[in-house]
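Noted in TrEMBL for the protein shown:
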| type | residues | note |
| --- | --- | --- |
| TRANSMEM | 66-87 | transmembrane segment |
| TRANSMEM | 93-120 | transmembrane segment |
| TRANSMEM | 164-182 | transmembrane segment |
| TRANSMEM | 202-220 | transmembrane segment |
| TRANSMEM | 241-261 | transmembrane segment |
| TRANSMEM | 281-303 | transmembrane segment |
| TRANSMEM | 376-393 | transmembrane segment |
| TRANSMEM | 419-438 | transmembrane segment |
| TRANSMEM | 450-470 | transmembrane segment |
Amino acid sequence: MGIKAALPKYELYLYSTVLGLENGEKPHYGSSTEPKRSEWSHVDVDSQDTADLEWMMWFSTFKAHILFALSGHVLFAKICSMLAVQYRSLVYLVYGLLAVWTSMGWTYVTLILSHCILLYSISLVKIRWLCFATGLCTLATFKCEPFVSWQVDFVKGDFELRHILFYGGCGFTIMRCMSFALENCERKDGNYNILELLKYNFYLPFFYFGPIMTFDKFYVQVNRSDLTRKEREMWNISVQGAIHLGVVIVVDVLFHFMYIVTIPTDMKLLRHMSDWALVGLAYFNLVYDWVKAAVMFGVINTVSRLDHLDPPKPPKCITMLYVFAETHFDRGINEWLCKYVYNYLGGKHNNVLEELVATLCTFGVTIIWLGPCPAVLIWAFFNCFGLNFELWMEKFFSMEPFASVETTMSEAASRRIRAVFNVFNFWSIVLYNTLALNSLDFAKLVAKRLFLRGFPITTIVVMFVTYCLIQVIKETERKQLFLNVKQKNDAFVF
């Protein structure tokens with residue numbers, strides 16, 4: 001009764017038409033905004049929106065430095081793969097270590113090595129909970145005083161990128177070391193060499209900004225001797241790189257005309273915007289954040305694919321998210337949490353108590369990873385509740401008389417009813433993540449306009465458009481499911 005159910009073509013055409021008409025509508029600020037134009041005169045419409053420091057760092061301020069470092073990695077990796085393929089992982093380690101040393105200094109490298117040695121030593125005991133506790137305590141030292149200030153002093157210099165590289169490198173190092181330690185606990189015969197941990201941690205494309213690739217996958221792929229590529233693989237990598245370049249150019253151009261990152265910080269302006277403009281702004285902020293994550297991880301993934309690795313895929317687009325179980329903006333962190341916490345504690349995810357424990361522990365680790373603050377705590381609470389609420393509703397409606405009612409209705413009718421519930425899920429996901437990406441005040445204002453002040457016109461129209469969107473997404477997923485099944489059957493035949 002899930003996405004396998006097909007709907008009549010005319011119904012799907014109606015949903016697509018509604019979405020097309022909606023996208024054609026130009027959002028307006030409302031008549032109350034025009035007289036207040038001076039209130040956002042601080043936004044220089046002749047310049048670029050530079051409010052997103054992460055994007056500006058990657059593709060404006062330090063793009064030459066990042067490009068130089070990654071290009072050097074690709075060059076040395078290619079030379080090694082041609083001359084001495086058996087030593088390529090060692091070359092990755094040496095180049096990564098030198099790059100980190102050059103950019104952050106020998107004291108920072110010493111700090112990173114000390115954390116690696118600590119967690120490696122703990123992993124030799126092969127006690128899973130001890131490895132986890134040590135890793136989380138170590139990660140917490142980068143989130144609270146006086147440990148943060150003491151460790152920051154290990155980095156000398158006052159260049160602008162210093163703090164970002166410090167926290168990025170240290171945070172991802174701890175997560176990688178925890179992955180190594182936990183995998184070492186699972187190993188039956190002996191222990192992994194500490195050199196394997198250093199190769200894993202100092203792989204430059206992943207070192208500062210991720211994504212996280214669990215140690216078991218990295219170890220197998222980086223030590224593979226057969227480097228033959230699949231048919232058209234290099235072509236696909238080249239296309240992927242060209243697409244990322246094109247997206248960077250498009251976003252840079254749009255930043256000169258659309259100030260979707262700056263405007264949500266101005267509550268005075270937001271109160272004068274129409275309901276539609278405000279709701280659209282919240283949605284497109286999340287879409288932009290997905291684009292940013294997809295491009296940033298995509299650039300790194302392109303480099304790692306040149307190294308014959310299979311990195312974590314880009315995050316799923318926010319437009320395609322209508323269930324909490326699939327909500328994430330960093331697939332690497334998501335896979336790490338699922339492997340070592342959520343799936344480990346939750347089992348098959350059909351027991352209410354086990355699911356509650358698994359989600360609480362998962363979001364507990366996430367809070368430590370992101371750094372505890374009011375916005376993160378509220379975001380974690382609501383996402384944890386949403387994930388459990390989905391299971392509660394699934395259990396509730398699987399009971400009588402609901403189970404019998406669903407079996408009597410058609411699959412198409414069941415899909416329509418489920419889509420109605422998915423509408424509320426969709427906007428819950430949007431609002432919870434708006435809180436995390438922007439601010440609590442902005443999220444509260446959007447919720448108030450959408451469900452209170454905008455009721456009933458704005459609320460009903462937005463919900464209906466969202467319902468149409470979800471049905472189109474479900475149809476896309478249904479076709480993809482059958483296509484995958486067909487490809488598997490064809491492969492089995494041959």
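These residue numbers are counts, starting from 1, taken along the chain as shown.
Each residue, glycine too, has its Cβ placed from N, Cα and C.
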Contacting positions for the transmembrane segment (450-470) when only residues 6+ beyond its ends and CB under 8 Å are counted: 14-16, 18-19, 22, 275-276, 279, 319, 322, 419-420, 422-423, 426-427
Touch test for the transmembrane segment (202-220) and the transmembrane segment (376-393), at least 3 Cβ pairs under 8 Å: no
Among 93-120, 164-182, 241-261, 419-438, stretch most in contact with the transmembrane segment (281-303) (C-beta, under 8 angstroms): 241-261
Best-contacting stretch, by C-beta pairs under 8 Å, relative to the transmembrane segment (93-120) and drawn from 164-182, 241-261, 376-393, 419-438: 164-182
